[in-house]
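Asks: Taken from TrEMBL, the feature transmembrane segment covers 64-86, 98-117, 129-149, 219-236, 248-267, 319-338, 350-367, 387-404, 416-437.
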Amino acid sequence: CLTSKLRTYGAASAAEQVNNGSIEPGCPSQSPQIKGGVMKQTSRESLYRRNTECEVYDDGTNTFFWRAHTVTVLFILTCALVYVTLLEETPQDTAYNTKRGIVASILVFLCFGVTQAKDGPFTRPHPAYWRFWLCVTVVYELFLIFILFQTVHDGRQFMKYIDPKLGVPLPERDYGGNCLMYDPGNTTDPFHNIWDKMDGFVPAHFLGWYIKTLMIRDWWMCMIISVMFEFLEYSLEHQLPNFSECWWDHWIMDVLLCNGLGIYCGMKTLAWLSMKPYQWQGLWNIPTYKGKIKRIAFQFTPYSWVKFEWKPASTVQRWLAVLGIIFMFLLAELNTFYLKFVLWMPPEHYLVLLRLVFFVNVGGVAMREIYDFMDDPKFHKKLGQQAWLVAAITVTEFLIVVKYDPNTIMLPIPFSVMQCWFLGIVLIATWTVWRFFIRKLQLNIHLTFKYI
């Protein structure tokens with residue numbers, strides 16, 4: 001970010017002024033955007049620029065890497081189809097041909113989407129990368145719709161076409177049991193309970209919350225979601241056995257260590273991203289090899305930066321929107337556990353990992369589009385395409401869980417748990433009415449009597 005101290009736009013480029021120290025990096029600016037040392041003309045986007053947006057300086061270099069290659073992709077795709085049609089003999093295997101035809105159809109759709117789909121808010125490392133994940137999102141939603149319309153037996157057995165090892169009931173691991181942190185009865189290793197919990201999910205928790213922090217960009221929202229999910233695990237351990245964990249596993253290992261450390265590192269990364277200057281030069285315009293290597297590394301950082309200021313208590317609409325975001329976030333987290341339970345997928349299966357990788361790539365775009373839709377309605381008049389699809393996927397996954405195992409979902413919640421949730425909902429509803437209606441009415445009455 002560059003400060004609004006810049007007042008002259010001459011022959012010297014913005015990058016040179018930053019290097020000379022005449023511009024201070026590190027704070028949001030509302031000054032006009034500069035491109036190649038010349039002030040850009042006022043555009044519709046710059047007209048609605050928010051004070052939390054960082055200024056971007058770009059020399060405008062357009063290399064082969066950034067040009068559209070629609071004709072090239074179409075030519076390669078056509079050559080591949082001609083080869084399959086004229087030169088390759090079709091196997092006499094119906095199942096193999098069906099799988100191959102589905103994969104080929106998906107690949108053709110991905111080629112079309114990568115070259116022709118609408119760009120989203122992210123452009124680094126390359127816009128085609130985010131267009132690819134947008135198309136993958138469409139394919140995944142269509143796959144979920146297909147699974148939703150199958151019978152429970154057919155849906156589970158269909159997973160065998162993806163991996164023959166699937167389609168078999170798998171027992172869930174119970175993380176509860178002996179909850180002694182120090183077990184004096186085990187003289188060989190009294191801390192064996194702690195080491196038993198140190199599985200692959202520990203670094204996954206840390207990395208997951210580091211990435212979620214980069215998506216949400218707010219410490220309070222991250223902590224609320226982290227703590228709320230632990231309460232959900234307490235509440236639903238009668239449905240899924242692997243939600244049953246020791247108290248110290250919930251609050252020390254998860255909330256404080258894994259989640260807390262991930263959120264802390266994420267916030268430090270956000271602070272660095274908000275302070276760095278966003279000045280871009282073409283790779284061949286940089287004279288030194290060190291500068292070229294640095295430029296290549298920075299290609300994997302954002303092109304620009306927007307600080308998220310959710311302001312949930314500012315209006316009732318933003319308050320309800322933030323509550324909706326938290327709800328959808330928690331529902332997506334629960335779907336991770338319930339989906340593998342109803343579709344009989346072991347936790348270590350590669351499909352479970354691929355789903356997490358998928359949400360890592362689409363979640364950040366969706367959160368940016370949701371924030372733009374909430375914070376900048378003059379420019380963003382409708383919900384972004386990735387956010388729309390992620391919301392549809394989250395709902396579809398939950399519907400699959402409800403259809404495939406309604407007995408587990410409908411298991412009666414313990415009365416004490418229901419009391420706690422009822423109390424929490426009442427408190428939230430009471431605070432909402434007081435903050436946005438009663439308090440506002442009191443302020444209006446106070447102002448009325450003040451001017452009488």
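Cβ from N, Cα, C; glycine included.
TrEMBL labels come from automatic prediction, so no person has curated them.
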Asks: Which sequence positions outside the transmembrane segment (64-86), separated from its termini by at least 6 residues, show Cβ-Cβ distances below 8 Å to it?
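Replies: Apart from its flanks, the transmembrane segment (64-86) reaches 104, 108, 111, 114-116, 126.
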Asks: Which range out of 219-236, 248-267, 319-338 gives the transmembrane segment (350-367) the most CB pairs under 8 Å?
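Replies: By the under-8 Å Cβ criterion, the transmembrane segment (350-367) pairs most with 319-338.
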Asks: Counting Cβ pairs closer than 8 Å, which of 98-117, 129-149, 219-236, 387-404, 416-437 has the most of them with the transmembrane segment (319-338)?
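Replies: Result: 219-236.
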Asks: Please work out which recorded stretch in 129-149, 219-236, 387-404, 416-437 has the most C-beta pairs separated by under 8 angstroms from the transmembrane segment (98-117)?
Replies: 129-149
Asks: Could you name the stretch, out of 129-149, 387-404, 416-437, with the greatest number of CB pairs under 8 A to the transmembrane segment (219-236)?
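Replies: Most contacts with the transmembrane segment (219-236): 416-437.
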